[in-house]
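Student: The transmembrane segment annotation in TrEMBL covers B:34-67, B:79-99, B:105-126, B:138-160, B:188-209, B:230-251, B:278-296, B:308-330, B:350-378, B:415-432, B:453-474, B:486-505.
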Amino acid sequence: MFRRSLRWRVAVGASFLLAAAGIVLVTPELVIAAMAPIGYVAYSALTSAPVVADTLSITRTVSETQPSPGGVVDVRLTIENNGDQPIPKLRLVDGVPADLSVVDGSPRAALSLRAGESVSIEYRLRARYGEFTFDPVTVRTQSLSAGSVYTTTIEAAGPETVTATLDPADSPQGQGGGSTSGEMLIEQGNDGLEFFGIRGYEPTDPVHRVNWRRYAKDGELTTIDYRNREVSDVLVVIDARESAGVARNQHSPTGTELSVYVANEIVTSTRNYRTPIGVAALGVDGFDDNDGIAWVVPGTGREELTRLRSLLDAAAATVRPDADSGRATVPAESMLTLFDQLRPGTHVVFLSPVLDEHAVETVRRFRSAGYTVSMCTPDVTARSNPGAQVTATRRDLSLAELRQLGVPIIDWQPDDPLAESLRQALRSTNAAMGET
Amino acid sequence: MSLSLSDTTLGRLLVPLLSDTAYVPTRSAITATVIALGAVLAGSIAIGATGGAAVGIVLGTLLAGAIAAVDHDRLRGPLVGGGVLLATTATVLGLPAYLSSVGEQASAMILLAGVLITYGLASFRIDAVGNGAVSRAIAWVVRVGILLVPVTLVTAIVFLDVQQLIADPRFVGVFGGLLAPRSGSEGVLGLSVLLLLTLVSLWLIAAVVPPEDVFDQPFRDRYHTLVATSVRLATLLFGGGALAVIVAYVLSSELEVASGPIEPLLDAVVTSAVGRGLLLRLLLVAVVVTVLLRLLRAAGPSLVYGRPAWLPSGLLITAILVAVGLAGANPLIEMLAAFDTAPAGRLVDIAALLGAPTVAMGLVVLGVLTVGAALFTLPALAGLGLLPTYTAGPRLVLGGLLLTSIAMAVGDAPAVLVFATVVAAIIVWDVGEYGAELTADIGTTPARRDGELLHAGGSLFVGIAVVTLLVGVQRLLTSVEITDDVVLTVIGVGVITVIVVAVLLRE
């Protein structure tokens, strides 16, 4: 669509102003100078925006067409001028799905393309649960004077949709895992083969574990511990309650989606080490017979993986507008039933945006039941208005309370890559340990 | 270790002032700035008004920074920005007027041009025009003016010369009976009425003070006691005083009871000018306080108790202005007395009645409100569509450079320089507006931003051609032996024809 810009009206106004000043002040130079803006108006009238609907080809490539909800998708847009004439002023905006947010780079650009030249731009999207379709690319060319504007839309070649679900029917299967014991060993000395440490002798210690060499040398009775070969199960707990379904803005993923994303990353990477892993989702009803919580107990088999993905998908699906809002709290009986099915020594990784007291309460319950807990919490607070600032402050207080309980916490800013946040958390933990 | 801008002190100060909406990208901004400043400096050198240009450039920069800062935060921004805003705007208004009055019209025009140019250029990056920045600055200025008004009223009351007021025939008819220190029944009645009026005015204050419910419990009781005791004391003092004066007069004059000791005492009280002056001042202060309290209550609890963001800076600047006004009162009146003009004489007369500090404070209030009114020009132009939000900066620079070209023409600068300045004005506006439109289309951080220099190059190329053409036209016309009037008419008709043709061509 062609449009004649009104920007050069200003030049006509300037011309009148100078002419009037010249006449009033009786200065012929100003009256002659009044013709200068008119020269520019003529320049505007004589130049025209190029039509590019047929000469511009655009190709879109995406790193993943089926990312996990809350995951990132790299998009690359390649624009090529197939015409014989250069396009000096080309502006374009990729048709990013309205509900997805750009977390890095920009889908907008102003380009100057010679004939046959191609240019690529890249940006990164944060996926949300569901299927999202790219709109056509909006393209605008201008004449050299910017007085003539041509705007159109061009369909980009390449994938048109991004589908972010974890339904096993849609998602590619990860590694199935095997039945051999895993590599996540529990830090507990006892019987075993690998040396773990030396401690003071206790009367109940078996005689064959007494450190006789030391006794012969120093006369002190000590006992040798060997690393317990018991494998630690891992249970990833996702907060999918209604209170976690909050996002920084309408284009950003919710706390639930981000938690599911982290859970999926943990499940995938942990299963590569063949560690038994399970998932529990707070606030998910209807997945099994339990009330207000659904779970798959830690395991390593293919069936478990399929069920894990189904549960992750069910957790992510709680953010759909038509989904029933999850429970605000989880009944104590359901939690006790879960505890009954977990093996002692199971490590709990709790994923929650921590937007209410119940998140802290959940950690307390796991710890009081004897499980070690660590946390990763996506920060979905915006701090853009007083209400949001209050929420953010309450979250900070909750995190401080959890840290006082000794819970290791990774406070993840979703604009930063997850791997980088994990590295930073590890560095700060190491630094803190070094100081102590 | 490298620091990002936001990590530095300068960055922390500047980042909140930056504008996203009217952002002109770096290459366009640098191109426009170099051409604009070069043009205004060249123009000022050509007509010998370099000082005016330099002062204008500094004032424009300060003005932009002050307007952006005045709504920045609670104290630091408004305090520094507000003070600079008041001083800068007053200078921008006063200095050109002074230069014009001493025959330096060209310097005055160049100064104003410099202000417009640098203010517009600064708006390429900082939030100095558009987005309500100027309106917020005006609101702050008006609030300072509103704070100054009661201070000025109280100053007038304190420095009021009651004797002169009574001597003024315009007031005698109305207030003479109350204020004139006379003896006899007339004086007693006047003093009693004055005492009762003062009492009523104090009761009015008690009626409009905040209700005790707004305070917490420990303070509420003390507040209640304080108000109740004050009312009782005032009633006893002024009501009882009025009654005592009447009773004493009746006893001594009508019933002739103990007239010996009472009459001299009563006469001293009734004929005391100092006493009546104090009562009058108290009455007026009470009325002012009552009106203020009523206004504050009408403004709402959020304003009164919510400590609005403008209040700390507004109070501090008001205090500074009051100090300046009071300190400069006497020199001001002496200066006014030296002027032999009717307005100055009138101000000196007012100073004799209300005191020099009142006149000084009144002029400060007038100055502050004039600053607000002058700033209102910008929103008014925006409302008329002449300064759109996105492109106000480039248009202000255009206006400044056109003013420069007019000043140059008036100052007999070479014609080629005048033409070049007009072309520079169009180029700067074109480049700046193109950059702002680019931001509106693709944001401040696009994946790529090509084509800025290409656009500037095209505009410059056309500009060179236009200047060459205009020089040719000018030489052609000046080489023909015709009178100036005919030249003007011919050129005028020619220009209008070209404009009409150009407009038709565009359509």
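Using the three backbone atoms N, Cα and C, a Cβ is placed for every residue, glycine included.
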Student: Which residues of the chain, 6 or more past the ends of the transmembrane segment (B:105-126), have a CB below 8 A from one of its CBs?
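Tutor: Contacts with the transmembrane segment (B:105-126): 14, 17-19, 22-24, 29, 32-33, 36-37, 40, 43-44, 47-49, 51-61, 63-65, 68, 92, 95-97, 99, 392-401, 403-404, 406-407, 410-411, 432, 435-436.
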Student: Sort out the residues at least 6 away from either end of the transmembrane segment (B:415-432), same chain, that have Cβ-Cβ distances under 8 Å to it, and list them.
Tutor: 24, 28-29, 31-32, 35-36, 38-39, 42-43, 46, 120, 124, 391, 393-395, 397-398, 401-402, 404-405, 408-409, 452, 455-456, 459-460, 463, 466-467, 470-471, 474
Student: May I ask whether the transmembrane segment (B:278-296) has at least three C-beta pairs under 8 Å with the transmembrane segment (B:138-160), counting pairs 6 or more apart in sequence?
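Tutor: These two stretches do touch.
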Student: Should the transmembrane segment (B:188-209) and the transmembrane segment (B:453-474) be scored as in contact, given a threshold of at least 3 Cβ pairs under 8 Å and pairs 6 or more apart?
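Tutor: Contact between the transmembrane segment (B:453-474) and the transmembrane segment (B:188-209): absent, because fewer than 3 Cβ pairs are under 8 Å.
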Student: Is the transmembrane segment (B:278-296) in contact with the transmembrane segment (B:308-330), using at least 3 Cβ pairs under 8 Å (sequence separation of 6 or more) as the test?
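Tutor: Taking Cβ pairs at least 6 residues apart, the transmembrane segment (B:278-296) and the transmembrane segment (B:308-330) are not in contact, as fewer than 3 fall under 8 Å.
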Student: Which sequence positions outside the transmembrane segment (B:230-251), separated from its termini by at least 6 residues, show Cβ-Cβ distances below 8 Å to it?
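Tutor: Same-chain residues near the transmembrane segment (B:230-251) but 6 or more away: 185, 188, 191-193, 195-196, 198-199, 202-203, 206, 257-259, 262, 265-266, 269-270.
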Student: Could you give the residue numbers and ranges of same-chain residues that sit at least 6 residues beyond the transmembrane segment (B:34-67) on either side and whose C-beta is under 8 angstroms from one of its C-beta atoms?
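Tutor: Distal contacts: 17, 80-82, 84-85, 88-89, 91-92, 95, 99, 104, 106-108, 110-123, 126, 128-129, 133-134, 137, 375, 397, 400-401, 404-405, 407-408, 411-414, 417, 420-421, 424-425, 427-428, 431.
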